[in-house]
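According to Swiss-Prot, the protein has these features:
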| type | residues | note |
| --- | --- | --- |
| BINDING | Gly12, Pro13, Ser14, Gly15, Ala16, Gly17, Lys18, Gly19, Thr20 | ATP binding site |
Amino acid sequence: MSERAPVVTIDGPSGAGKGTISQLLAKHLGWQLLDSGAIYRVLALAAIHHDVELENEESITLLAAHLDVKFLTGNEKDPVQVILEGEDVTTAIRTQECSNAASKVAAFPRVREALLRRQRAFRTAPGLIADGRDMGTVVFPTASAKLYLTASAEERAQRRYNQLQDKGFDVNIERLLAEIIERDDRDMNRPVAPLVPAEDALVIDTSDKGIDEVLELALNYINQKLSHNN
């Protein structure tokens, strides 16, 4: 890990726009991108593939320690290609089932510890955009700049519905909303690394903001923090 490489963390709940903004920032700055949520989704999918119970912390932790996952440069539709045990799972990890399973395995303290070093290894020159739920509070507490994106549960459910519809999934928006509210509660109230803004993070409510507006706010803040740190 390069301690000198700057890190910008982007945390927040599911559907707040973290993934989109993170990809745009990484492309704009020419930095590395860490989608930490994808790591937990891959772990959840691996558990499902290997018939490991999602409630079994010991087995999930063992699986996490030996997780065979690679992140490759993708295409415009999927900027990051995710490979699990030699298989392309980029689309498979984006299902709602996988998302819910990821939230369950992410609640285990030993699982989070097992994946901590792997996440920190993404910090390489010229810099890193780290997208997740505890990037600014736990994984990179001394990050150069920290952002926290949020939005109403209703807006996030609508975004998720549109996203899944575009990918050809048949989904129910009422069920999506209920699952988002349930996941928010689970993520925000877990005893280890709960979903909360870092004290020094810039909080942006994206409910009524377009992508360009959020990106401009983020870039202005990042440039300000980087120039101050230098």
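Using N, Cα and C of the backbone, Cβ positions are placed for all residues, glycine too.
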Query - Shell list (ATP; ref centroid = CB of Gly12, Pro13, Ser14, Gly15, Ala16, Gly17, Lys18, Gly19, Thr20; cutoff 8 A) - result: Leu149, Ala151, Arg156, Thr206
Requested in this report: Specify the secondary structure state of Lys18 (ATP binding site) as given by DSSP, simplified to three classes.
Outcome: helix
Query raised in the report: Here the binding-site residues are Ser14, Thr20; which one has the lowest number of other Cβ atoms no more than 10 Å from its Cβ?
Result: Thr20
Query raised in the report: Going along the chain, which residues six or more apart from Lys18 (ATP binding site) have their CB under 8 A from its CB?
Result: Ile10, Asp11, Gly12, Asp131, Gly132, Leu149
